[in-house]
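Q: Copied straight from TrEMBL:
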type	residues	note
ACT_SITE	Lys38	active site, proton acceptor
ACT_SITE	Tyr264	active site, proton acceptor
BINDING	Arg136, Met313	substrate binding site
DOMAIN	243-367	domain 'Alanine racemase C-terminal'
MOD_RES	Lys38	N6-(pyridoxal phosphate)lysine
Amino acid sequence: MGNIRETTLEIDLSALEHNFNFIKAKLKKETKFLAVVKAFAYGSDMAIVAKKLENLDVDYFAVAYVKEGVLLRDAGITAPILVLHPQPINFEELIDRCLEPSIYSPRILNSFLETAKKKRQTNYPIHLKFNTGLNRLGFWHNDISLILKKLGRETALKIISVFSHLAASEDKKEREFSLQQIESFKKISDELSEKLGSSPMRHILNTSGVLNYPEAQFEMVRSGIGLYGYGNESVIDAQLKPIASLKTIISQLHQIEPNESVGYNRAFKSKDYRVTATLPIGHADGISRQYGNGKAFVQVNGQKAPIIGNVCMDMVMIDVTGIDCKEGDEVVIFGDTLSAENFANTADTISYELLTAISQRVKRVVK
Ligand SMILES: *Cc1c(COP(=O)(O)O)cnc(C)c1O
């Protein structure tokens, strides 16, 4: 039995430091490190994780939305913060909190320029996002002249960086495509620098990009998942340490007789005598219904126990037949001994989705 008394996400800051150092060691000395802390630092705790990373001297942070950048500023983070996907409705607040927008389309450029002028800004830092094949966000190569025409005599804005995003950096079968993306990014940034007469920072690599395309570090890289302990391949996973462990306890044990059922819609039907345990964690906490009905396993006193029946909003039931356990005992959902990647794979998803789904209802504790 551990010291867990309710469903808890334990955060291990020494694991975070280990992962940071692991990725940092792959970079050239002069390459800057941007830490991606969007979605509550991949479901952990944005303020605590960002504070630790700021102490480790990361150069930049990135979040997806303005609201997340505001959370970081409220937590006292002073490093520059790139907002990857800002919306015009939040531009005034973005400027008030010294956040730096990704400018990804002519509409966003016009709108941000207008707000910056209205707020009497000069040289406000912006980051130009180009689409090189992901086809999600970004200017096209041939938008360069439009951008420069728009910014021509303007002093309100200053291009701090130019960046793009790889579509399949973790997929070795798509190496050709990724190299093409890197090549077109090079062309775009060269043309931009030449016409601009100055050289903004360039960045295209995420975690798997750092691992698979070290030659494309340019001036900065953007790492998220690696910091949290997952590297999209097992050899890397073995060298990283998951920072978050999701643990809970056994609320109640039940002796189930043959032909009884367990849970909603009677989805689990017992053929023989079983012992089940009910846990205080459900789909409202981020363990989605896909993990039910025998797909995913949790760990009780070091032994594997399947989630049986349908996952409820606030509870799951597991089969602990033959496992030595009692009410109040600790249960590991995922963590250092049970990888979130493997847990996620049982329901055909990935660590990113499982981690970021852990809801704010779950208590966070720094180990
Ligand atoms: C989320 C995100 C990242 C981080 O990717 P990881 O695979 O978690 O390292 C980097 N860049 C952009 C644009 C992103 O949206």
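Yeah, the Cβs are placed from backbone N, Cα and C, and that goes for glycine too.
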Q: With every protein chain in view, what's the tally of Cβ atoms within 10 Å of the Cβ of Arg136 (substrate binding site), excluding that atom itself?
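A: If we count other Cβ atoms within 10 Å of Arg136 (substrate binding site), we arrive at 11.
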Q: Give me the Cα-Cα distance between Met313 (substrate binding site) and Tyr264 (active site, proton acceptor), rounded to a whole Å.
A: 11
Q: Reduce the DSSP letter at Arg136 (substrate binding site) to three states and note it down.
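A: Looking at the DSSP assignment, Arg136 (substrate binding site) belongs to neither helix nor strand, so coil.
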Q: Counting every protein chain present, what is the number of Cβ atoms, excluding its own, within 10 Å of the Cβ of Lys38 (active site, proton acceptor)?
A: 19
Q: Within the domain 'Alanine racemase C-terminal' (243-367), how many residues are helix, strand or coil going by DSSP?
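A: For the domain 'Alanine racemase C-terminal' (243-367), the helix, strand and coil counts are 22 helix, 44 strand, 59 coil.
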Q: Can you name the residues of this chain that are 6 or more positions from Tyr264 (active site, proton acceptor) yet have a C-beta less than 8 Å from its C-beta?
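A: Spatial neighbours, sequence-distant, of Tyr264 (active site, proton acceptor): Gly309, Asn310, Cys312.
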Q: Could you give the Cα-Cα distance between Lys38 (active site, proton acceptor) and Arg136 (substrate binding site), in whole Å?
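A: One finds 17 Å between the Cα atoms of these residues.
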